[in-house]
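Below: the structure, in structure tokens.
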Amino acid sequence: MLVLSLSFPFLSFSVAGVGRTVSLWQEISTLLLNSFTFLGVLVLIALLILPALYLLSVILLVWYLKRSRHQTLQTYFIRILVGVQPWLMVDVFLVGVIVALIKMQGSASIDLGLSFWAFCGFVICLVKTISMVDIRWFWHQVATPSLSIALSSQTARSQGVKGCQTCGAILLIDEAHCSRCGHKANSRKPQSIKVTIALLIASLVMYVPANVFPIMETTYFGSTTPSTIIGGVLLLWSEGSYPVAAIILIASVFIPIAKMLALSWLCWQSYRPSSYGIMKKLTLYRLTEFVGRWSMIDIFVVAILTGLVQLGGLLNIYPGKAALCFASVVILTMLAAQSFDPRLLWDKEGHTHDE
């Protein structure tokens, strides 16, 4: 389905008798060839490289498992799956396409090409594949953990053991590397709080220009009209596209700042725990980790419109200064969520639960 998504026209539009038809690859190449390198590379990685790497790793992993060969390669492929999965955004891109089409429906005639439907099929297949991939089962097929002990209802660290961050195997507290996956084993992520806070500060610094500068610029007969994130939301709202305006407002404004506030609070809780339940804190962390990538919707909208709307002196759309800043905010907050070690919340908790 991915190959078909690249083989036929993806979108076409016409305005004032002038039109343009592009494939998915032309959408990406337009960004790369028109000095929007960062945005083009970002879309290329998110839509093609990472999904292809993920699917290829699944295929090769299953093939090697069935033949019980090359355990080192099996381990390598599982680690690729774990690392790549949080960054798969084809479903977010599809929502971005829909938002872009709604933005243009009042001013241009839009047609969906064969590749658009192939891409929808690809998104469905990839999401289904992700839901069926059981990382813990894969690790168990590679090798059963060498240490198997009965643990009480205390934390693992207090009982002299720890869990591997990569494969979940139970290890003795003084083991430097995991006996199953070979990854360096730490009972807690080194410098977790410091790294998380540094990334949050960087994302906050980028968040200000991301909302002040225009994220997109539209040139019509030589006259340029800039549009900020909030300006785009207000425009959609004034045109009656209330659901789309709400999606952009939540994904581009509320989610990034909510993630920064939530992670900051969790960092504080790792030092000064409150009476707020530990399981609720973990739920907040998992929710923060899950929603982060959906903030990319606005970036994908800009990328789609930039690749599609290029009509010479008549009408052109370009990314604004805020596009780079906002993409950086999304990436930095996702990295911050991955850097935070939720097990730190247990260390200051007076409860006797297992890690």
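Note: Cβ is positioned from N, Cα and C throughout, glycine not excepted.
Because TrEMBL annotations are produced automatically, they should be read as predictions rather than curated entries.
Quick look at what TrEMBL lists:
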type	residues	note
TRANSMEM	41-64	transmembrane segment
TRANSMEM	76-102	transmembrane segment
TRANSMEM	108-127	transmembrane segment
TRANSMEM	193-213	transmembrane segment
TRANSMEM	219-237	transmembrane segment
TRANSMEM	244-271	transmembrane segment
TRANSMEM	291-315	transmembrane segment
TRANSMEM	322-340	transmembrane segment
- Do the transmembrane segment (76-102) and the transmembrane segment (193-213) share at least 3 Cβ pairs closer than 8 Å, excluding pairs fewer than 6 residues apart in sequence? no
- Spatial neighbours of the transmembrane segment (193-213) far in sequence, C-beta under 8 Å, 6+ residues away: 228-230, 253, 256-257, 260, 263-264, 267, 270-271, 320-322, 325-326, 328-329, 332-333, 335-336, 339-340, 344
- At least three Cβ pairs under 8 Å linking the transmembrane segment (322-340) and the transmembrane segment (108-127), pairs spaced 6 or more in sequence? no
- Task: Residue list, the transmembrane segment (244-271) vs rest of chain: Cβ under 8 Å, 6 or more residues beyond ends.
- Result: 95, 99, 102-103, 193, 196-197, 200, 203-204, 207, 211, 229-230, 232-234, 236-237, 281, 284-285, 287-288, 291-292, 294-295, 297-298, 301, 326, 329-330, 333, 336-337, 340, 342, 344-345, 347-348
- Message: Should anything in the same chain at least six residues away from the transmembrane segment (108-127) have a Cβ under 8 Å from its Cβ atoms, list it; otherwise answer none.
- Response: 1-2, 4-15, 19, 21, 23-24, 51, 54-55, 88, 90-91, 94, 97, 101
- Outside the transmembrane segment (291-315), at least 6 residues beyond either end, the same-chain residues with a Cβ under 8 Å of its Cβ set are 11, 13, 15-16, 18, 20, 22, 26-28, 30-31, 34, 36, 39-40, 42-43, 46, 86-87, 89, 92-93, 95-97, 99-100, 103-104, 215-216, 218-222, 229, 232, 247-248, 251-252, 255-256, 259, 323, 326-327, 329-330, 333-334, 337
